[in-house]
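Read the structure below first, then the notes.
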Amino acid sequence: MKRFIKMTCLICILSLCAACGGTENAEGSHGKEAPAFTDSLTKDGTGIARQAEAASDMMEYYKNRYIELEENFADIRWYDGSKMKQTQKDRLAGCIPNITYNEETVFPKELEKEFPAQLILEKGKSPGLGVESLHEQGITGKGVGIAIIDQVLYTGHPEYASNLALYEEMHVVPNQSGSMHGAALASISVGKTCGVAPDATLYFWGMDNVKSWDREDDGNVAWKEYARVIERVIEVNRTLPENGKIRVIAISRGYNFTGNEEVDAELQVMLDAIHHASDEGIFVITTSTEMNYDFFEAYGTDAPFAGLGKLDPLGDPDSPDTYTLGSWQWESAEMFEKSILVPMDGRTTADMSGDTYVYYADGGWSWTVPYIAGVYALCAGVDPDITPEAFYDAAVKTATVITRSKEEGGKEYTFHMMNPPALISSLQNNA
């Protein structure tokens, strides 16, 4: 089942990459020769190799051409809703509260009372689950490095720019603007207002995750390039002082062996690099983390980490009563009964098009990875000797148990929410 879910997610991710990474990588889909991939590296592993600009091109595309109004979900980023026809307004009203939008979105005046967009956007910035209470105690990830390998990052957003110690690009089509994916991951991990570990140091590698933008087959994922970037992370980490090491790598993608000998051999190259990073004391978190470490077998789950949805976007983000299983995960609810769940839906992050913010009603597994990386950074700040296995064991033992059903009167399931304050407390008590 998880393999099916991951393959579905992979198709979505590849489509998303093509749509949200700037203008250059889209040319191949229009019959033009795709540009070659290049690297942009710093001389000494510090600083910004290339200042990736905000994606103003995508803003213009969405503003002028794009609107998504499904039966129970809407995406109206940058859209001027005052221009909507009445039928569109009615459909948008039917999507409440599952509306993705940003600060440039103009809502129809008829919906402003029923859907207080600015309040929801501000509420969505909170990492929730009591994380901000840890910040108040000075537990902020200071002195801990987080590496992210993802799509090109708009490097100048004030949400995370001051945390960014290194930005490099490897296997990237030149001159891309920032992606929505990269900005979200940076925000959720180290963001000043959205982040779990707001004082952690960010090391970010932008990367195109395909071999070619002219292909769409399963063998097009650039696993060997992922491995090359992971080895670069290790190389940089060896130059860092002991009290400022990269302790965790966040890679928001999933994988599994396919039975195709050539593809699986390439995937194994990446897994070998992950094992190398682990040997160097770096926890590598992906949406297939169970494939990276043998100890997960003892917990009887195919999905060690998964995501939470929100019952009410205006609910208290620190209260368990606000949460349920993530929206799209209900189709396989049994799969997540032993998972450790973290916030996924109803999150606000930095936007890719400028120094503004975007609210994502529905998240994806991608949003859970930087959250977990942030919590691991908090733990490493409290217990420098923390290991991935000790972290997960403590997360399981301190989790908050909730019982939820997909709809009122439906079958009930028991889920386990991460409890960061209890997790940190357990580490402090055992120190």
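Every residue gets a Cβ built from N, Cα and C, even glycine.
If you look up TrEMBL, you'll see 1-18 marked as signal peptide.
Annotation source TrEMBL lists domain 'Peptidase S8/S53' at 141-286. Mean predicted confidence for the domain 'Peptidase S8/S53' (141-286): the pLDDT average there is 97.
Around the Cβ of Asp150 (active site, charge relay system), 25 further Cβ atoms fall within 10 Å across all displayed protein chains. For Asp150 (among others), the entry in TrEMBL reads active site, charge relay system.
Among the features that TrEMBL reports, active site, charge relay system is placed at His181 (among others). For His181 (active site, charge relay system), the Cβ neighbour count at a 10 Å cut-off comes to 24, with all displayed protein chains included.
According to TrEMBL, the feature active site, charge relay system maps to Ser366 (among others). In the three-state DSSP scheme, Ser366 (active site, charge relay system) falls into the helix class. Other Cβ atoms within 10 Å of the Cβ of Ser366 (active site, charge relay system), summed over all protein chains shown, number 25.
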His181 (active site, charge relay system) to Asp150 (active site, charge relay system): how many Å between their Cα atoms?
7
